[in-house]
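Working notes, beginning with the structure itself.
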Amino acid sequence: MSSEEDKPPAPPVRLTSNRGGNERSGGGVGVGGGGLGGGGMGDVPPDMRPLPKEPDDSDRKKKTLKSKIKGSKPSHTDSKPNISYPTNFEHTVHVGFDAVTGEFTGMPEAWARLLMNSNISKQEQKKNPQAVLDVLKWFDNTTKQRPSSKYMTNAITTHSGSSLSRVSSSSPSSTPTDSELHGSNSGGNLIGVQLGSMTLGPNANNVAVAGQILGNHYQQQQQHLLQQQQPLLHQNHNQHHMGISQSHSYNFVGHTVSSSTSQHSSANEDDMLGPQHPQQQPPPPPVASRPERTKSIYTRPIEDLQPAIIPMPVAPATTPATPLQNHRTPGGISAPAASPMMHNNATTTLDKNKNNANLYTPEPTVAQVSAGGPSSQVAGNQIAVPQAAVAPAATPNTRAANAKKKKMSDEEILEKLRTIVSVGDPNRKYTKMEKIGQGASGTVYTAIESSTGMEVAIKQMNLSQQPKKELIINEILVMRENKHPNVVNYLDSYLVSEELWVVMEYLPGGSLTDVVTETCMDEGQIAAVCREVLQALEFLHANQVIHRDIKSDNILLGLDGSVKLTDFGFCAQISPEQSKRTTMVGTPYWMAPEVVTRKQYGPKVDLWSLGIMAIEMVEGEPPYLNENPLKALYLIATNGKPEIKEKDKLSSAFQDFLDQCLEVEVDRRASALDLLKHPFLKLARPLASLTPLIMAAKEATKGN
């Protein structure tokens, strides 16, 4: 019986037959015990199909014993098949525009929310739907990319009188930036340390005001954040102020007030609009003179998704004045849809190997396909938008591979840094080091070089806290190899234990932003600044370098009126073989149309930005600064050259200079060398004429 009990039961059989004829009629087959038949039903003979082979007892024991042996691996036949995750699959999404109804069709929900908050009217959408789609794709992609910091451009600023400066700029950051920690207005980087970059004071009499005060919604959000940051800023009340520009990722969620407003932000709207008066309680710090959305941005090129340029993670951006990372808000006023909720939409298809090389699990981003590609098809009255694809999520194995590659990359970068930095102890070369600022990416000191008595700025960065160290190398090399009187001077660098020390020229005059927001410049002074910047640009372009982030934040001034270009964290090195770029880099309000529309571009993007900066010197702010960033991008793409307020008050030479800079057709736009010969520059006054403006800006902010 034991042998009978060990036999497996017979497999189930059909109780009815599908066969025709009289052989099988009505009945079925009963299954009994372990044998066949076991009692037939009617006249139907038992099913004669053979049972499965009975397993051999010896084989069963061998398998059991083998499974208990430690370290033994099951044979290929015994193990479950390893089914991999799908790769290179695509989820296509088509967005169209119905010209009859004036509505977009098939638009992702996140895009719809973004567009709803963009202040782009229905008429404007109907006028140029392709421009709307272009900026939506770009904007969405920017918010999802995990940007990396331009580490040597941190606006580390402590404030005199709890003042806040315009948050300068530039690149993306995965940690709270120094600009955020201290609200610096500095545009310079280590590349240029500035003194006295602070915001407008309530007693400033010669402020160049332009633009409008933003709505109540902006003010309420700003007030809330200011209340959060007040305790930290109060601690810095009496500290000395120096800025080193922070490169920032631009996340378009800045809570802002008009850059030209010289009033403090306080607890209510009336205080925002009227003069400030002493309060019994400590007054809240003033808002930044420029909104956070004046930060720079960096996205991947259309044709290149190499891991080296895939930015690092970043939390949603905060206002310029937000002191701590936990004070950040997940969504912005200007563009609430720029929050992480957009990360669920379809994105570019990433190659598996590139995906594995990332340092993080890629989140979906919008596909960046040119309008002329195969996915841009026009059907009927609809404008088709490029398809989008979803990259597969990274598996644990992928993440492990990512971490391994990241570690190897860090080792290579550190080895490269060792070949760049100087050997020795900087503490012996520099004395009287005084801490003047601290932020997420490092601490800034002023020091005296013992041998020369020259004052320098030293930034100390903990390399373990820098997620994209290769950008540090890029910036150091560009600065070291491109020395010019109009470029902030890189002096030296050292590796001290786990820290990188970078020594830069110290410019105490502050950034040009302080001057344009605090004072009124005449054409002679504007021409002088333009000439100096053009000399720097002509030098860089001749050496195949595009700056890509020209704006007043990145122009530093000496007390003698010297003008120097800084912030090379996002510069591009071009070559005859690769003379064009498509990476979205810069700050939206200063961006050239070809950058906004994702066309290939070259050095002339810097000349467009110079033209916008010239308008900034006239009006106190760039065009469209009071617009939602998404709408500003739309207006740049649609209108091209912006309108200039009171243009008739400008000289004909200045008007022509602006026309040459702001020519939409790149081939017709003047080069830096051409503009250096322009008659407008003959109006330039001596650089010493800038000194009174610098001192006036300092005086205006002194009481803040």
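Sequential numbering from 1, following the chain as shown.
Cβ coordinates are placed from backbone N, Cα and C, and glycine is handled just like the others.
According to Swiss-Prot, the feature compositional bias 'Gly residues' maps to 23-42.
According to Swiss-Prot, the feature compositional bias 'Basic residues' maps to 61-73.
Averaged over the region 'Autoregulatory region' (80-171), the predicted model has a pLDDT of 62. The feature region 'Autoregulatory region' is assigned by Swiss-Prot to 80-171.
Look at Swiss-Prot and you will find 83-96 tagged as domain 'CRIB', backed by sequence analysis.
If you look up Swiss-Prot, you'll see 83-113 marked as region 'GTPase-binding'.
Marked as region 'Linker' by Swiss-Prot: 97-429.
According to Swiss-Prot, the compositional bias 'Low complexity' annotation covers 159-178 (among others).
Per Swiss-Prot, the feature compositional bias 'Low complexity' maps to 255-266 (among others).
What Swiss-Prot records for 430-681 is domain 'Protein kinase'.
DSSP assigns Asp549 (active site, proton acceptor) to coil, not to a helix or a strand. Per Swiss-Prot, the feature active site, proton acceptor maps to Asp549; the stated evidence is similarity to another entry.
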DSSP helix/strand/coil residue counts for the region 'GTPase-binding' (83-113): 5 helix, 6 strand, 20 coil
